[in-house]
Structures are given as C-alpha cells and as structure tokens.
C-alpha cells in the first residue's frame, strides 16, 4: 500500500491528507486566503472614533462593565474635584500626568529607624528660615566630639546666651519619621523634638531651634550659666564630694535619665561629661543627644554605648538596666573619687570594691545598680524612691536655693500619682456585687 501512495504522490495524483472539519459542529468558515483587518472595540461603543482607538488598551469583551482606556483615566486628581464624564476624556490628558509627591531619595549607605507612636504627636519644629548668621553670633569652642562641635553663642535679638552645635552631614546619617512631619528628620533633631513633648523636665538641656544648611545641621541649645561639666566639678572638689551634695546632684541625674526613658529615648551615654552643673544653684542638667536613639520596640539594644558599659555589652542589652548601671557607676565615682572597677575583668563579673566608710544606704543603692544580672538591677523608679534619697535635707549651695524643695516636691508628687493609680487599678479589679 505504501508503495502505491508514494508513487501516486510523486506523480501528483493524490494530494496531502488534511483533517476535514465537522460541518455539524463548526459554522461556515471564511476563506483563509482572504484576511480582513479586525478592529478591537468596546461593546458599548460600536463605532469608536479613530483618535480613541489609538490610546485604547486591550479589554475583555466579556467584561460586564467595559469602560474607557485605563491609561485615559490614570490621571490623578483631587477626589473632591468634580470629574468630567470619563468616556469623553481625551488622550491629550496623558501628556503631563500629575505625579503624587514622594519622599526624597535616601542618602547613600544610610541606615534608618522608624519611631513608634508614643502618645501625643511630637511638636514638630521646622528648620529656621532666616540665615543663621542673621540671628546668632558664635564664639569660643566649648566642646567637641564624634557628632559635632559646640560653641558659645549669643542670640542677637535679646542677647541670650546659647550653645550652638555644628553637625557635619554624612552619608551614614540616620533619619526618623515622626508624627507631624511628612519627610524623615535627621535623627539628633528628631530625638530633641521627641524630648520636647510636654511636660518639660528641669533636668534636660533642650533644643530651641535648628537650621539645615548645605553641609551642616546647626542646633541652638539652652546654655545654663555659669556652669561646668560634672566631671570638671568633681575634679575641682577632689578627692570626693560628701554624700549630702552627691545626693542633691544624683537625684537630678536620675530624674533626667528617667525623663528620657519616659519619652522612649535611650540616651546611650550617661556619664559625668554629659551632665552640666550650674555652679551657682547646683542645678544639674543632662546634655548631648548625639548618640541617643529611640527605645527599640523589641526591648533589646545593640548599638554603641558611652560611659561605663554593663557586663552584658556588647551583646544585646536593655535600655533601662543599662541606664541604671551607668547611674550606679557615676554615683560610685561621686562618693569615692574612684572608678568602681579596677580592671575590665572586674567590670565583666561586676566585682565592685565598696568603701565601707559610706553610709549603709548609699552602699545598698550602689550594689543594686551595679548588679551583674540586668534583671536583678534596680529600675529607675526604684532608684528615685530609694531610702538614700529620703535622708534629711541636702546641704551645700543647693540648701540655700529652692532646689531642695523642688526636687522633693517632684518626688512626692510622683509618689502620690502612683498611689492614686494603684488605688484606681485595685478598685477596677474588684468584683461586682
């Protein structure tokens, strides 16, 4: 048979075998030799004009709600604005589409943190619009660190003394998105804005305003006067300060650090260099939020620490116990004139040499702050309420001012507030009769 088919094929007696369609299932077929142009149309517009066909996208003819081209309706407009009939939009609207505002590109190689919502919105203060030189004069250098340089300054409008901090811009700068501001804010500025949430604390040096220039951020800060750093103050009063004066300075440092944590700000560098002492009133204020960060929502921190580092560093650590450790080391230096640890190994095992000439209460507070296990350390709340701070009246220059009554007024007010809160909680938990 195959020989017969082959011979017939060679002699063109038999055509190729083609599948024959079933005419009972398929309707009449068009002549394949004649190709007709097919125009895609929207079912509701059987005769679209040629200008609309040019910009029309493919559309499912089975779509129950056919409409104009997606491109024709992609122009972003105010939802409150009265819109024209989308079926008659012209493709010319696509020539200059409205682009929604986007965030500026992040600086290269930057790492960023987003702050958590912490109660009331942060009172955002935009950078000053007038040139810095028209508003301030700056003089001698009073401090320099890894984050910038601080100079004495004068506000021209009223002659007010201020501290002026110049911070060079870097590609590694961190930015934080805060409530009340569309664009992320430079981290140190953002931290200072968070700290300005009411009510203010008398134990914090606040930012008054700030400038953003091409190469620098400029922060205008409060400048207590006359003042010196706590380290310089302790050095001028060697070998040590008495417990009464130390008590007055220390309680202010504790309340300042506690105010930071209440605002979910981790200062990261609680030490004598970052405390300013007004030599006329013995008022103490916490300064320099250049190394600060917002408390990590996970509870653990892993960044750089200044001051006396706890044994758990550089592994993960908590903001609260770390701050308590730093305060304990500072208290030890105040009342003994020495560092609490002779070697790095002593610090790792929390081997503190206690001076037994100190009062029993101060020894107990130091031990509770410098406990090796962070879970066993005193909280800042417990530190501020420790019996050592309840002993008598503070002496020194502070006794001649209103500082003593102000501090203990704050402590008693906080204690009264906590008592009412605990009573309210106990009442709310009582079963209904």
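In case you wondered, yes, glycine gets a Cβ from its N, Cα and C as well.
According to TrEMBL:
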COMPBIAS  1-13  compositional bias 'Polar residues'
REGION    1-92  region 'Disordered'
COMPBIAS  47-58  compositional bias 'Polar residues'
DOMAIN    136-389  domain 'Protein kinase'
BINDING   165  ATP binding site
REGION    414-433  region 'Disordered'
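Per-residue pLDDT, averaged along the domain 'Protein kinase' (136-389), amounts to 93 for this model.
The Cβ neighbour count for the residue listed as 'ATP binding site', using a 10 Å radius over every protein chain in view, is 25. The DSSP secondary structure for residue 165 (ATP binding site) is strand.
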